[in-house]
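Novice: So Swiss-Prot says this about it:
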| type | residues | note |
| --- | --- | --- |
| BINDING | Cys9, Cys11, Cys41, Cys44 | Fe cation binding site |
| DOMAIN | 4-54 | domain 'Rubredoxin-like' |
Amino acid sequence: MIEMARYQCMCGWVYDEDKGEPSQNIPPGTKFEDLPDTFRCPQCGLGKNAFRKID
């Protein structure tokens, strides 16, 4: 089984690899590192560099 991770933006919003991000057409199971460079936090608009992996 593949371990899915969660990443939290500085604003507090969490990207869950299990769920993806439907509002940006990111399907469930998409790894954070596979997100497009254009990915932005849907809450605050910051890019991938504003996220950190959480337990």
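Cβ from N, Cα, C; glycine included.
Remember, predicted model here, so these are calculated numbers, not experimental data.
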Novice: Per DSSP, how many helix, strand and coil residues does the domain 'Rubredoxin-like' (4-54) have?
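Specialist: Split into helix, strand and coil, the domain 'Rubredoxin-like' (4-54) gives 9 helix, 15 strand, 27 coil.
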Novice: In the structure shown, which of the binding-site residues Cys9, Cys41, Cys44 has the fewest Cβ neighbours within 10 Å?
Specialist: Cys44
Novice: Grab the pLDDT values for the domain 'Rubredoxin-like' (4-54) and give me their mean, rounded.
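Specialist: The answer is 97, the mean pLDDT of the model over that range.
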Novice: Would you list the other residues of this chain near Fe cation - those whose C-beta lies within 8 angstroms of the C-beta centroid of Cys9, Cys11, Cys41, Cys44 - in sequence order?
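Specialist: Everything else in range on the chain: Met10, Gly12, Trp13, Pro42, Gln43, Gly45, Leu46, Ala50.
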Novice: Within 10 Å of the Cβ of Cys11 (Fe cation binding site), how many other Cβ atoms can you find? Include all protein chains, please.
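Specialist: For Cys11 (Fe cation binding site), the count of other Cβ atoms within 10 Å is 11.
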